[in-house]
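Here Swiss-Prot flags 5-24, 34-56, 61-80, 90-112, 121-138, 153-170, 182-204, 214-236, 243-265, 275-292 as transmembrane segment.
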Amino acid sequence: MNTTALLIGLGPLLGWGLYPTIASKIGGRPVNQILGSTIGTLIFALIYAWVQGIAFPSGMNLWFSILSGIGWASAQIVTFKVFTMVGSSRAMPITTAFQLLGASLWGVFALGDWPGAMDKVLGGLALVGIIIGAWLTVWSEHKDAGNARTLRQAVIWLAVGEIGYWAYSAAPQATNIGGEEAFVPQAIGMVIVSIVYALFLASRGEKLALVEGVSYTHIISGFFFAFAALTYLISAQPNMNGLATGFILSQTSVVLATLTGIWFLGQKKTTKEMWVTIGGLILIIAAAAVTVTI
């Protein structure tokens, strides 16, 4: 692995690692966050496609790419909602764990990954490790019935949201185009969801997010997400880091997302909780490394 490949591979660490913290810091409602983020992603994708001269896909390639973006935006709305319940430092390790579980199980049952018996044993142990790691990140030294109930609700919401993240990853596999070509249609799907969501909430009496300034401030956070998505696509190419190594490098973003949430958003933990959280993060990343190297 050369220095250029490594730096590109760490792009998602910065982009996806800082994205939830920046979005939470800017504030606003989940609808403001998703609207600005998706507009920022679309602007970034359009500029990149124009600079690189990337053709716009058509037919089923176009529709599956848009579906992919719809899946991500739908899931991200759920994730933003959970941020308001338990904070990004708790939500991010859980949603990362669900995404790893979903991607691994989809690979096994739909794509034929882990074909041997030993592969399945190692993979199963890795999935257990991911679950334990996620649990460690939300462990609380001082038990509180109200907090425990809220956390259970958050976990259920994130489990439902995983359906959207799964669609984001799985839909492009039904196309015969590369990730860079799918980037703009994905962003279009994301914006469609955010606008529909904003109009739906407005019809129920909430202020229309399209006329709120904070929505457009969130374009900044959208640039961070788009930067991460693009550098991951480049990193995963065979002449860079390859899919397996690129994926592992991208998952390090959960560490930055969790720690910046604690340090900059006031999502406090005791010393013991902090050490347990770090242990959980290490376990999640180690288990992710196992799943892609089997």
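Quick reminder: no glycine exception, Cβ is built from N, Cα and C everywhere.
What you see is a predicted model, and the numbers here were worked out from it, not measured in a lab.
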* **Top Cβ-contact partner of the transmembrane segment (121-138) among 5-24, 90-112, 182-204, 275-292 (pairs under 8 Å)** => 275-292
* Okay, the transmembrane segment (275-292) and the transmembrane segment (5-24): do they have at least three CB pairs under 8 Å, pairs separated by 6 or more? -> no
* Structure fact -> If one takes Cβ-Cβ under 8 Å and requires six or more residues beyond its ends, the residues near the transmembrane segment (214-236) are 5, 8-9, 11-12, 14-16, 18-19, 22-23, 26-28, 31-33, 35-45, 48, 178-180, 183, 187, 198, 242-243, 245-247, 249-250, 253
